[in-house]
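Here's the structure, in structure tokens; my notes come after.
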Amino acid sequence: MFEYPQGYKLIAGVDEVGRGPLVGAVVTAAVILDPHNPIEGLADSKKLSEKKRLALADEIKEKALAWALGRAEADEIDEINILQASLLAMTRAVKSLKIQPHFVLVDGNKIPKDLDIPAQAVVKGDSIVAEISAASILAKVARDQEMEELDKQYPEYAFAKHKGYPTKLHLEKLAELGALPQHRRSFAPVKKALEQF
């Protein structure tokens, strides 16, 4: 059972989505929930159906005291690596909140630097901390929508299906069609495709 840090009124949860994909930004969200307006059914976004995620995302946006998205683009990921880019995007999400939290709970085992707010990393936080679950849902919905937009631009890559993850289909398309400007050049399968073309 997770124990919340004592003596802090406004607690934000932060999570990222999109460390593994070969394309696009890593997207993060920060959420401060309203203790007087609870949301039923919050869970790790990966364990929810798309329909449930979308419904919960709307409810979170409506009921949360504050929420914000952050991101780090593919070229930033290539420049500073995916871990540093994820942490940078988390800081951006927290700094974009319209209400600044007193404490931040971060999914995983690392705390972003430059937060300037007391923080704690929570391993598997997206499953055990409501604020982090809410953040994971908002980040996942936002990133999936971006992949659906990219799919409209480049339907031959089937981004709506694999969401940019290195599935067999995506790797086949990469080998056949080459990399797009949105692909992460520092990731091995993309590097390989760039060498072939």
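Yeah, the Cβs are placed from backbone N, Cα and C, and that goes for glycine too.
ASP15 (divalent metal cation binding site) is surrounded by 32 other CB atoms, counting those within 10 A of its CB over all protein chains shown. What Swiss-Prot lists as divalent metal cation binding site is ASP15, GLU16, ASP107, and the listing cites sequence analysis.
Taken together, the residues in the domain 'RNase H type-2' (9-197) have a mean pLDDT of 97 on the 0 to 100 scale. The domain 'RNase H type-2' feature in Swiss-Prot is assigned to 9-197.
Summarising the environment of ASP107 (divalent metal cation binding site), the number of other Cβ atoms within 10 Å of its Cβ, over all protein chains shown, is 28. The divalent metal cation site is set by ASP15, GLU16, ASP107; from the centre of their CB atoms, other residues of the chain with a CB within 8 Å are VAL14, VAL17, THR28, ALA29, SER86, MET90, VAL106, GLY108, GLY125, ASP126, ILE132, ALA135, SER136, ALA139.
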